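Structure first, then comments.
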């Protein structure tokens, strides 16, 4: 009964026709917000000279990662909501989707670590900021974030290619994430589960520690500032990033390291929706509403458009 198969069956969020139509509308709106919000951020950063700094260079690439992350998951979800009967996905398409999910997730956490380091240098060593965060070094940091995401993806994807799946394999999820995919396998999942656990802990903890150390140094420096206005200004440059980090790390790390005893289909889907769909939607909103420079730059662009 073992087979490499040609198709998997995705159980999705629901098979109720009424709920499917409702969820299609909801997730279509969310996806459009993700695309519009992140593209606007990229456009504003690219066109406004006041935002040509390392901080916004990294934000630009975070927006790129968020678009990639959401596009890997949401379009297939939308198509599935319109399908009557069983939702199938080819094995090769499933593996490809899984690869890009890992790539996007890994790149995002390390991009957030890079952004935390940037804030550390800006606040703790402001006189050496321009020298330390040179254009060449910024490109190296962004390239490293993508490289770590690629390594994380390759490490977890290759072992899955050797796993045997039974005929009519059902994936109790709306996408080809690895944990539900492994639950659907017939045998040979030990190595993949081991690599998934250790890579999630090593990559997740290393990026989290980099972010945490940066923020400890930032907080220690800010508390030494005498004026309340100075402390507020320093903290305001980090607040958006801190919120985004919290949203992503809490849900993603819990999803990939939680014990089997607390696992459930609904919980897994809620957590996956949070970090793969809602976080890319919230990122541009948080950075736009909490960032004075972004709002000012957007206002300048809108004024120019009015006179065109």
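Here, residue 1 is simply the first one shown, and the rest follow in order.
For all residues, glycine too, the Cβ spot is worked out from N, Cα and C.
No curator has checked TrEMBL annotations; they are predicted automatically.
Given the structure is predicted, the values throughout are model-derived calculations rather than measurements.
Listed in TrEMBL for this protein:
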type	residues	note
TRANSMEM	22-45	transmembrane segment
DOMAIN	37-287	domain 'G-protein coupled receptors family 1 profile'
TRANSMEM	57-78	transmembrane segment
TRANSMEM	98-117	transmembrane segment
TRANSMEM	137-155	transmembrane segment
TRANSMEM	195-223	transmembrane segment
TRANSMEM	235-256	transmembrane segment
State the residues, same chain only, that lie 6 or more residues beyond the ends of the transmembrane segment (57-78) and have a CB under 8 A from a CB inside it; answer 'none' if no residue qualifies. 12-13, 24, 27-28, 30-31, 34-35, 38-39, 41-42, 45-46, 89, 97, 100-101, 103-105, 107-108, 111-112, 114-115, 118, 138, 141-142, 145, 174-175, 276-277, 279-281, 283-284, 287
I need to check the long-range neighbours of the transmembrane segment (137-155): which residues 6 or more away from its ends have a CB within less than 8 Å of a CB in the stretch? 54, 57-58, 61, 99-100, 102-108, 110-111, 113-114, 117, 195, 199, 203, 207
Cβ-Cβ under 8 Å with the transmembrane segment (98-117): same-chain residues at least 6 beyond its ends: 55, 58-59, 61-62, 65-66, 68-69, 72-73, 141-142, 144-146, 148-153, 156-157, 160, 175-178, 181, 203-204, 207-208, 210-211, 214-215, 241, 244-245, 248-249, 252, 275-276
Across the whole of the domain 'G-protein coupled receptors family 1 profile' (37-287), what does the mean pLDDT come to? Round it, please. 86
